[in-house]
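> For reference, Swiss-Prot lists these features for the protein:
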type	residues	note
SIGNAL	1-21	signal peptide
TOPO_DOM	22-740	topological domain 'Virion surface'
CARBOHYD	Asn92	N-linked glycosylation site
CARBOHYD	Asn111	N-linked glycosylation site
REGION	124-130	region 'Involved in fusion and/or binding to host membrane'
CARBOHYD	Asn201	N-linked glycosylation site
REGION	206-213	region 'Involved in fusion and/or binding to host membrane'
CARBOHYD	Asn252	N-linked glycosylation site
CARBOHYD	Asn350	N-linked glycosylation site
CARBOHYD	Asn569	N-linked glycosylation site
CARBOHYD	Asn625	N-linked glycosylation site
CARBOHYD	Asn639	N-linked glycosylation site
REGION	684-738	region 'Hydrophobic membrane proximal region'
REGION	715-734	region 'Hydrophobic membrane proximal region'
TOPO_DOM	762-873	topological domain 'Intravirion'
Amino acid sequence: MASLKMLICVCVAILIPSTLSQDSHGIAGIIDPRDTASMDVGKISFSEAIGSGAPKEPQIRNRIFACSSPTGASVARLAQPRHCHRHADSTNMTEGIAVVFKQNIAPYVFNVTLYYKHITTVTTWALFSRPQITNEYVTRVPIDYHEIVRIDRSGECSSKATYHKNFMFFEAYDNDEAEKKLPLVPSLLRSTVSKAFHTTNFTKRHQTLGYRTSTSVDCVVEYLQARSVYPYDYFGMATGDTVEISPFYTKNTTGPRRHSVYRDYRFLEIANYQVRDLETGQIRPPKKRNFLTDEQFTIGWDAMEEKESVCTLSKWIEVPEAVRVSYKNSYHFSLKDMTMTFSSGKQPFNISRLHLAECVPTIATEAIDGIFARKYSSTHVRSGDIEYYLGSGGFLIAFQKLMSHGLAEMYLEEAQRQNHLPRGRERRQAAGRRTASLQSGPQGDRITTHSSATFAMLQFAYDKIQAHVNELIGNLLEAWCELQNRQLIVWHEMKKLNPNSLMTSLFGQPVSARLLGDIVAVSKCIEIPIENIRMQDSMRMPGDPTMCYTRPVLIFRYSSSPESQFSANSTENHNLDILGQLGEHNEILQGRNLIEPCMINHRRYFLLGENYLLYEDYTFVRQVNASEIEEVSIFINLNATILEDLDFVPVEVYTREELRDTGTLNYDDVVRYQNIYNKRFRDIDTVIRGDRGDAIFRAIADFFGNTLGEVGKALGTVVMTAAAAVISTVSGIASFLSNPFAALGIGIAVVVSIILGLLAFKYVMNLKSNPVQVLFPGAVPPAGTPPRPSRRYYKDEEEVEEDSDEDDRILATRVLKGLELLHKDEQKARRQKARFSAFAKNMRNLFRRKPRTKEDDYPLLEYPSWAEESEDE
């Protein structure tokens, strides 16, 4: 083996070289193309050009191998071209119009009328003060059918209530009075789902003294909305009451009867029944009417057909551009506008299996006809009837296939050419397999829809990615196969020309190869360090000017490293220089056997690294950048496109309003009704109204009227008038005393009266003790006062003393005037008294029918002459 390794060929693979040192013999490194790409170095030596292009940053390791000559111990052969399978889109797509249905979770809403009488029995206690409620009993009783007919015709209701409790019949009268007809008046407080009408505002009564038990009967008629959910076995109202009977219950039916927990006598069906609208007074058209008598109320509603009123499915979306993609075991309905894809079985679904789904064909046909008329009537024709498929998640898809006019004409011509028309494909009904979205019942199947359509959006995204990736992989496989076949042909030819390069490329490492007929002998190569290689810049043979080398020449030596693959028998030759030439693809050839006669105008390019070396006249000239030489590519372009952007659109199957209305009872309506019920009365002050014992006197008046006839009625009226006056006075006093401000005012008045009484008492006592001083203050000096000195006047320097009797005269004059005033006051008082006495006497005579005498004309009081004279003065 060592002897075989001595016969070696040297292959040098230089990718991105490292810097090489050079000596006087022309040892050089590899030129970095970044430094010499745009520079013409001119006519310089090969070693100088190589040395000036030393790279700064080696990228690919330089590896040089010495290969032994293959002997045939290891042989290889090339495979034959394969047949390439062309990947085609095997999916079958059909365009059309789709209408998607979902489960109808909304309750069935209808109008009902509630009839009942609200009975309130109140026991109160009062003792000339505010009344106190000691007991209260409230109940609701139903109204019988005959009175309901009167209510719906005339709008009046009786104040009497007859009801059955504890196996006994009871009667109640409003205000404890005789039965009478009262009009139904609207309640001012109402909501969008309820309207109420009633007959009275008074619910509690009392009297001023003692206990009183009274009864009020309020006839109530309410217009309400009722709700019922599938399977429609009961319904609820805004009042919070639930009725355990189906809204579609009827006695006259040939099929199974609907749910009801009531006896038959409680349910009535009336044909051609007319109802009066209590708000507008209009009579509605006659309809079949149902009445149900409950323990607390009677309820009425219009009879309805179940199949015409409700549907278990509702239309969700309309898709004008839908694509049905056929896979091996399923259909995928792609809704691009909605970014969703629904998968289903390949067999159509029979909608006759569904319970209460008669509305689906009608709605689907109307929607598809409208879309086709707006968008496709001039460009497409319909292909077959509407088909229904049960999609994943509980969605029913109504699909109408479409075909363009050109394609339809082509099919028609082909059918006529074959002398027959295409038969419509028989519709295969869906198998009886069970799905998670289909529930069976005694009356039929029912579709249940998932509350989220996220899975459909993910399915759409997956189908888009799957289609794109499958197309990409198919193109890759086809291109790869064709490329391999083309390369095989080239390699079969290359093995004849240069088996070393071919086998090195195939094995992925430098090898030596030799053609042995139709097979190739291969042997490994030994790596030589790049520091042991020296190149020369002249291609002329020394000693013979007519002969030249066909490729650049070089000198190399083996490595002395212990890791070297060189044989131990040749270690003594590691310092020997071995002559060689630069081969193709940066390979080193052993020996210098490639020669030719020197030619004139010689010009050659040899690959070295990433660039080419230009030789003219067998002498190195310059390095040429590879980009300056036009490249002929044999690369096959791969037909692949990048995924397009896809924005997901949030899809909400059920809106917030739909989810809120899923229950039988609406919490908002119940709360609003309770609040309205508590505040139904128009005047809150009339809730408690005092009776004041009128019932007792009314009974006395009725007794006189019934026993004494007309005289008794007159006497009863007098008694009632007097009693009313007395009761009003007593009630006024009691009300005044019960007022806290009245007590405060009375206290203040008492204090002021006491103060005024004390002042008057003091004045009278002073008047009795000293009348002159009280009446004429200052006229008499008080006791102990010294006499006032006489005043003197000086006139003409003479002193004149005033007479002291002048003061006495003034005092006497004042006293006389005071007496005169007192006399006048006394006369005035006597006259007024006399006039009042005369008036009283005349009134007595008038009542006694006594004739007037002459004495009556005389004055009642004689005045003395001195008084008349004084009065004249």
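Even glycines carry a Cβ here, placed using N, Cα and C.
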> Could you tell me the C-alpha distance between Asn625 (N-linked glycosylation site) and Asn350 (N-linked glycosylation site) in angstrom, no decimals?
75
> Just counting, how many other CB atoms are there within 10 A of the CB of Asn111 (N-linked glycosylation site)?
12
> For the region 'Involved in fusion and/or binding to host membrane' (124-130), jot down how many residues DSSP puts in helix, in strand and in coil.
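Secondary-structure breakdown of the region 'Involved in fusion and/or binding to host membrane' (124-130): 0 helix, 4 strand, 3 coil.
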> Using a 10 Å radius around each Cβ and all protein chains in view, which of these glycosylation sites has the most neighbours: Asn252, Asn625?
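Max Cβ neighbours within 10 Å, all protein chains included: Asn625.
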> For Asn92 (N-linked glycosylation site), which residues in the same chain are close in space, meaning a Cβ under 8 Å from its Cβ, but six or more apart along the sequence?
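When sequence neighbours closer than 6 are ignored, Asn92 (N-linked glycosylation site) has Val325, Ser326 within Cβ distance under 8 Å.
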> Across the topological domain 'Virion surface' (22-740), what does the pLDDT come to on average, as a whole number?
76
> So if I draw a 10 Å sphere around the Cβ of Asn350 (N-linked glycosylation site), how many other Cβ atoms end up inside it?
16
> Round to a whole number and give the Cα-to-Cα distance in Å for the pair Asn350 (N-linked glycosylation site) and Asn252 (N-linked glycosylation site).
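For Asn350 (N-linked glycosylation site) versus Asn252 (N-linked glycosylation site), the Cα atoms are 30 Å apart.
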> In DSSP terms, helix, strand or coil for Asn625 (N-linked glycosylation site)?
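DSSP assigns Asn625 (N-linked glycosylation site) to coil.
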